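J.: The structure that follows is given in the form of structure tokens.
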Amino acid sequence: MKNYFHGGIHPSDGSDKSLSNQIPIRKFLPKTVEISMKQSPNSICTAIVKEGDKVSKGELIGKPTGFSSANIHASISGTVTKVIKSKDDKDREFDIVVIQSDESNTDSLDTAGGWEYESSLVDLSAYTKEIIIAKMEEGGLVGMGGAGFPTHVKYQSKEIIKYILINGAECEPYLTCDHTLMREQGYAIINGVLLFVKASGAKKAIICFEDNKLDIAKDFEQIISGKELPIEIKVLPTKYPQGGERQLVEAVLGMEVPAGELPTSISTIINNVGTAKALADIVLKDEPLISRVVTVTGMVKEPCNYLVPIGTRFRDLIDMSGGFTSKISRVIEGGPMTGRSIQIGGALDDLEGSVAKTTSGLLVLEDSYKIESPCIRCGECERICPAGLAPFKIDFAALENDITLCDKLYATECISCGSCSYVCPAKRELAYRITEAKNEIFRLRRERGAK
């Protein structure tokens, strides 16, 4: 089998990841959390608590409004001091629940029995497929390495599932939250993987690493060795975006997900290693998804990975890392390729936002300005596009506001990896405009479907 995917780039030499990937995970329990009822781009929940309510860690505070959203729980015990009304960049309203810890609060970031898992594996005979999927839904489990789609919806698919691919690639530059989690929580992740296999009825799970994580591959091999588990370890070449769903399927299974279809159409489900760890917590320790590991790195004094409650304020995390080391800084939620700029310049106290279930990192870079120039028709973006698209052609159509042509050029198959913008010698914002065109196509389709 080929073990590689079409296109792709090598955006870093690994030195960016060395800032944080050898430092043990630190726990940070803030006194105040701001839990957004919008935990991912297309999911908004309804807050079911009000100002003055007392809440306990793990208590349900937000209910889904549609199939693309998941339960939200209090990540600390305390008092709801505010329910803030907010709007996103598409003018959609959502609430932010602010919880202040009580003085007598005895919360910790440990799950029942502690953060560490014993060196033992789950007895799958104690759980049915239905029980595991129900617990996914109750616990608010979502994909923690991507768009935050509810995990239980994937496992309710009527398709026959043969393979579970576990994404441990973490190909995004700078981010090391998954690497450190895998180093410290191998047994928990393997337990989560086994629960995924039981929930899907798959014949096996394949845990996928890039070859810059051979230490983790060796550790995981030792955990499963001699146990006759339905788990295989796969080491892949280091290349971006190796962690993309379609790219992982192509590299590992030698198959392609048909245009417009999901991986379930070829009997496959993909989950992130963080999602596997969270499932183990939900099923084995009865704790919903209320915390995660976040990389804080770049131009901060002390880059590190932190285990924090959902709702931890971004400015508190940057402060824990010693603050900015650059006067003019760009703060990105996520990584440099697919992340979202949340502040350019300004003081730390001005930084808004909080950790969501999908927040993999906070990256601080010295802000740089670039000026677009005309396309030189070099074709480099088309050569490296992992989705097999012609980004420069879609960009021309988008600039002309020709959404019909964008659709004909398969803009909806763009995975928004940012590779085209990275290689463009003219510094054109290809990925941004193609993603906007893709979103507009989906919006128009929804409008037509509603009529």
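Placement of Cβ uses the backbone N, Cα and C atoms for every residue, glycine included.
Note that TrEMBL annotation is computational and uncurated.
It should be emphasised that the depicted structure is a prediction, and the values quoted were computed from it without experimental measurement.
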J.: Which residue of C304, C417, C424 does TrEMBL report at the same [4Fe-4S] cluster 1 site as C375, C378, C381?
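T.: As annotated by TrEMBL, C375, C378, C381 share the [4Fe-4S] cluster 1 site with C424, chosen from C304, C417, C424.
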J.: Among the residue ranges 1-20, 321-340, I'd like the one that TrEMBL describes as region 'Disordered'.
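T.: Going through 1-20, 321-340 one by one, TrEMBL gives region 'Disordered' for 1-20.
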J.: Using DSSP and three states only, what is C375 ([4Fe-4S] cluster 1 binding site)?
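T.: Going by the DSSP assignment, C375 ([4Fe-4S] cluster 1 binding site) belongs to neither helix nor strand, so it counts as coil.
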J.: Which chain neighbours of the [4Fe-4S] cluster 2 site, leaving out C385, C414, C417, C420, have a Cβ atom within 8 Å of the mean position of the site's Cβ atoms?
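T.: Going along the sequence, the neighbours appear as C381, P386, A387, L389, P391, I415, S416, G418, S419, L430, A431, I434.
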J.: Who are the long-range neighbours of the domain '4Fe-4S ferredoxin-type' (405-435) in its own chain, taking Cβ under 8 Å and residues 6 or more past its ends?
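T.: Distal contacts: 7-9, 11, 240-241, 244-247, 259-260, 337-338, 370-376, 378, 380-381, 384-395, 397-399, 441-442.
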J.: Determine which residues of the chain contact the domain '4Fe-4S ferredoxin-type' (366-395) at the Cβ level, with the cut-off under 8 Å and only residues 6 or more beyond its ends counted.
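T.: For the domain '4Fe-4S ferredoxin-type' (366-395), the far contacts come to 5-9, 241, 244, 246-247, 299, 326, 328-330, 344-345, 406, 409-411, 413-415, 417, 419-420, 423-431, 433-434, 437.
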J.: List the same-chain residues at least 6 positions away in sequence whose Cβ sits under 8 Å from the Cβ of C420 ([4Fe-4S] cluster 2 binding site), in sequence order, or say none.
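T.: C420 ([4Fe-4S] cluster 2 binding site) has long-range Cβ partners C381, I384, C385, P391, F392, L430, A431, I434.
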J.: Express the predicted model's confidence over the domain '4Fe-4S ferredoxin-type' (405-435) as a mean pLDDT, rounded to an integer.
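T.: Residues in the domain '4Fe-4S ferredoxin-type' (405-435) carry a mean pLDDT of 96 in this prediction.
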J.: Cβ neighbours within 10 Å, counted over all protein chains: which one of the binding-site residues C375, C378, C381 has the most?
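T.: Of the binding-site residues C375, C378, C381, the most buried by Cβ count within 10 Å is C381.
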J.: May I have the list of same-chain residues other than C375, C378, C381, C424 whose Cβ is within 8 Å of the Cβ centroid of the recorded [4Fe-4S] cluster 1 site, in sequence order?
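T.: What remains near the Cβ centre is I376, R377, G379, E380, P391, F392, C420, V423, P425, A426, R428, L430.
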